[in-house]
């Protein structure tokens, strides 16, 4: 909708005027509703009232390398969205139990690195990141405690000095955090998460923490490549009274485990506490004997040579039932199922039930308690039935037994048949068999090595695995608790082919763009505003479901996708027309179900699973003719004609019926090639770049009409007529341009428009849209001069140059895009001032609502307005969804509040000839004639924005 990327090459850098300024209490740019120039609200102040909504109703997007966390009972999954909000997902009521976003937690303004649910309180989630530790109440939807990371730590402010990287609970009432400041901190959950102790010893960032409660040990590891084991028995509940009396009681370092040659990123305890597994960035995972603090071995399948180990960071290790199996996940994109050599005397990776504090021997000292509990653990493995979903180490481990997520009774025996052992009963010694090599039983490539698996968590209760990747994705898989389900064959059948595959059916995925979203476009018609298409600088085109945030379709554009438009063609159905940095316009099927069927058909015909379907296979047609980046597209409502503007300074018209777009039919004959279209007409529309194009829905004045806006400050309306030999001609009907006859004075300050009157744009015109329905016959424009204007396209005036009917300037920075709602009642603008605004689609352009966002949410790049909501794309890859304000929609209107808009107040005061509420003398004229207006409520000066606007001229 706005070719902002290309146009930026003709401007000074984007000015974020209020990104770092001090703000008063309350939202930025809003003045409290108190009397202005008197004890009662004046007519001027009432005129400045506006509805406001601060938080979006939905956010589509995923933080890169987001942490993921399951609640113990599987009733909730947490991950982080693109704007650092935390999504809490609950299973729906369907038999499949699909996860749906139930709550969004807003508070973090920096990347979140760690998430953990409280082990016993389902209302509590703790998150950590660059801005500290947040303890959340899920019922209230807000943090009950925030421990901000501080540069200067003191007794009064005992927070971490840097990013929090890992969080884990111990003994239910202790939160333990690890940070880039090399420290481990223990927080007392029973006393409002006050600091209990700081544990020092690491020489670099702490990246992994795992607690073994039975032996009262904490393992820690990080970027110094070392693993440390600590005695944390004094954190147990029975030691709290003694700790309060004696501050000298602290956790003690028991030993070091050295051997990795890279950052150690994951740890997993054995249930008896005598062994530990670690994964690192040296692409290995290792087994350690804790009592002697020695390395047992590097776990690898020697029989497979180079393929016998991971080829990327080993990010996660999870133990399975049966005693000698484990699952690992890596940044190489692989998940592997392992049989472990029992030569070291270990008989189990699976978690056993926690010993209660009453059962732990208390010898009067931390060491005595540890020794007693370790001795008890060594002689007793898991009980006969096992306890489902026991979690002794903060890791995700599975035990046998009953419960919703329990493994079937024969699974352990079946797995042992694969491995040739027997763990149906007996003690640790009975499980020791003759020396055998570690081996890979099965593996699967879940994602490509280019994106990798960054986090993986397995939930015992629902047997689902959630992974996150470096490519802004969270994916949920089913972990089938049978050997046949995992490996794809019955191991009891000697004739079955051993495929060495690991089968993990994919259930759901949540995706976000990894770079700027250049344009967003609604796919529905009328009141249907659920599906939305996006194109991005990450070279992808996607279709999302706004209700579930699920990505329904993704296309590899092979270049930066800069603009898109929906074409409702008669023969090929709905098509997505996409233009980009490779000068080509491509047409794709916009029906995600048909696309999915086509994708399955093409994938089934590949010679190997490692092959990929070429991106060109999904093209219905392509249109070639531009010699520069395609910046804007518009499609006629009848689906027969398309207009495009590019950085070659031309506007072209295209016939969408010749050649006819061809979509391969699933099961039908293969295509012989992609149809290629050529332009019907070409015109040098503007003295510079054409930044926006829009067709009128209905023909009037004898033909089809096209509006254009450019960085020459001009708005133009063209008539499309048929030419010879089936061609088309574009004839300019009228222009709205600053020809030098208007009032000069540089950048206009707030309120100046009321005095000066409607004027042409004084900077690049970033968006043009036609009204429809109740606003038919009107043209709406927005520009980098911060102004939105409305024009009468049906004016009887024969003048080639026109003035707008009205102009409004409430934005404090350039307007990047604009759209008219599907019912034609409202206009929505988005701006570099991090604000979206809703206006009436009328000749007087009344302001209706304001949607302020933080600079940390990303700059707004594009907007698509539907019937009840609008979608706002951002330069950080996320899409925010806001409801349109309408008093008739009482449910949506209830989330809005009434406030006084500073910009409207200044405009109203200027119209009334009054000093501005900001105070007399607060506005001055610079040496260049520009107006400098300081706004105390917003906490910034518009001088910088004025300077930037002046650079937008060509």
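Cβ coordinates are placed from backbone N, Cα and C, and glycine is handled just like the others.
According to TrEMBL, the feature region 'Disordered' maps to 11-31 (among others).
Within the chain, the repeat 'WD' (105-146) has long-range Cβ neighbours (under 8 A, six or more residues past its boundaries) at 55, 63-64, 66-73, 75-76, 78-80, 84-88, 159-160, 163-169, 172, 175, 177, 187, 189, 192-193, 391, 394, 854, 856. What TrEMBL lists as repeat 'WD' is 105-146 (among others).
Regional average pLDDT for the repeat 'WD' (157-197) in the model is 94. Annotated repeat 'WD' per TrEMBL: 157-197 (among others), in sequence order.
Per TrEMBL, repeat 'WD' is recorded for 199-234 (among others).
Annotation comment: TrEMBL describes 257-298 (among others) as repeat 'WD'.
According to TrEMBL, the feature repeat 'WD' maps to 307-348 (among others).
Here TrEMBL flags 623-664 (among others) as repeat 'WD'.
Within its own chain, the repeat 'WD' (683-723) is flanked in space by residues 1-4, 6-7, 10, 631-637, 641, 643-647, 649-651, 653, 729-738, 760-770, 772, 776-777, 779, 781, 783, 789, 791, 793-794, 952-954, which lie at least six positions past its ends and keep a Cβ under 8 Å from the stretch. The repeat 'WD' annotation in TrEMBL covers 683-723 (among others).
Under the heading repeat 'WD', TrEMBL lists 758-801 (among others).
Residues or ranges marked as region 'Disordered' by TrEMBL: 915-938 (among others).
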Going by DSSP, how much of the repeat 'WD' (683-723) is helix, how much is strand and how much is coil, in residues? 0 helix, 24 strand, 17 coil
